[in-house]
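Enquirer: One structure, as structure tokens, below. Some questions next.
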Amino acid sequence: MKLKQRVVLLAILLVIFIFTKVFLIDNLDTSAANREDQRAFQRMLAGLRVALDPRLEHTLQSPWEIAAQWVVPREVYPEDTPELGAVMHAMSTKRIIKADVGYKGTQLKALLILEGGQKVVFKPKRYARDYIVEGEPYAGYDRHNAEVAAFHLDRILGFRRAPLVVGRFVNLRTEIKPVATEQLLGTFMTVGNNTCFYGKCYYCRETEPACADGDIMEGSVTLWLPDVWPLQKHRHPWGRTYREGKLARWEYDESYCDAVKKTSPYDSGPRLLDIIDTAIFDYLIGNADRHHYESFQDDEGASMLILLDNAKSFGNPALDERSILAPLYQCCIIRVSTWNRLNYLKNGVLKSALKTAMSHDPISPVLSDPHLDALDQRLLSILATVKQCTDQFGPDVVLVEDRMTLSHL
């Protein structure tokens, strides 16, 4: 064999060796990552039941201090949270020392200060569990139980981007009115034998108060994020116009995602993948109202998209608003870890897991069975959407590795 032929043969063999090695390493890495996803899923299932227990062992810190220390740029609470039950117990039972009208927004809420100085947002019950909200997917009042269910779904999906939420019963006469500000107190009234209030917000009306059952009002409380983590508000790139006859660009431009990918912070970093995770989350809960979103301030796109304000969810179990999934089917990318988690949750696992996770909440049962059934059906639609993407573009393009070390960004 001539020298030139030998050199060519050696070069071919070297190329084959390099490609083989890279392929094997990639497969080993993927396999290791998939195994870790499976282990994380099993850990999640093992810790689903959160008994509301006041005991805090091995620490002298208050539950509020513990929850504040959990927050990092890419998660609100860690995967391993043995103190979660104690924090949620405190949220549902600690004495209310001040009550005020809620922060700016369109829906009725109250801002409460609990013993120890912790702020929480209280959203009152407006609907029975089996009430169907008709009309547009974002119609109706906020649903307090939707906040509770969305928090536990966030745990199950492994995102850990939603603030802590728990159900709570409050006595408006003895717990709220004695510590209410004049602004809030001025919105109280009696309707029949029930104590009611209508608060201060864009859509708050004296003619549409939230009423207790007598003096006892069911609601949800959401833990306020620590003040050392100020929030920055962003317009959602797939937000709706909320104007009849006027479409947003994403509703008619099939190449819209290409334009999004060229703009900051979606041109680099984790934000676009967070948007797609959120679209999946919102589709499962039926939330078509995420016109804005929050991240931590001055994050340059590195921190998470925080899953705040999920109360326009679980309104109609028969309505599957596919447009919520637009970021997924227009961009056709998804995190491998999210894809793995969704596959682990099929065949009824999602419904069962969420029912178990919510079973210890003070306002349990949190959701009616039709809403739980709808989750499993919507999951199948998500999996089918990703399959359409992989059939068109291939799994190497659609399934994106994005496994950042959460606490070291």
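Each Cβ is built from the backbone N, Cα and C atoms, and glycine gets one as well.
Quick paste of what TrEMBL says about this protein:
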ACT_SITE  D289  active site
BINDING   Q107, K123, T222, L223, W224, L225, E294, D309  ATP binding site
BINDING   D142, D309  Mn(2+) binding site
DOMAIN    188-397  domain 'FAM20 C-terminal'
Enquirer: In whole Å, how far does the CA atom of L223 (ATP binding site) lie from that of the residue listed as 'active site'?
Expert: 21
Enquirer: What's the number of neighbouring CB atoms sitting within 10 A of the CB on E294 (ATP binding site)?
Expert: 18
Enquirer: Which residues, sitting 6 or more apart from W224 (ATP binding site) on the same chain, put a CB under 8 Å from its CB?
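Expert: Long-range Cβ contacts: Q118, K119, V120, V121, P163.
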Enquirer: Taking Q107, K123, T222, L223, W224, L225, E294, D309 as the record's ATP-binding set, what's the max Cα pairwise distance in Å, rounded to a whole number?
Expert: 20
Enquirer: Return the count of C-beta atoms lying within 10 angstroms of the C-beta of T222 (ATP binding site), excluding that atom itself.
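Expert: Its Cβ shell of radius 10 Å holds 25 other Cβ atoms.
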Enquirer: Determine, to the nearest whole angstrom, how far the Cα atom of K123 (ATP binding site) is from the Cα atom of D142 (Mn(2+) binding site).
Expert: 8
Enquirer: To the nearest Å, how far is the Cα of E294 (ATP binding site) from the Cα of D142 (Mn(2+) binding site)?
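Expert: Approximately 19 Å lies between the Cα of E294 (ATP binding site) and that of D142 (Mn(2+) binding site).
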Enquirer: Between the residue listed as 'active site' and L225 (ATP binding site), what C-alpha distance do you get in Å?
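Expert: About 21 Å separate the Cα atoms of these two residues.
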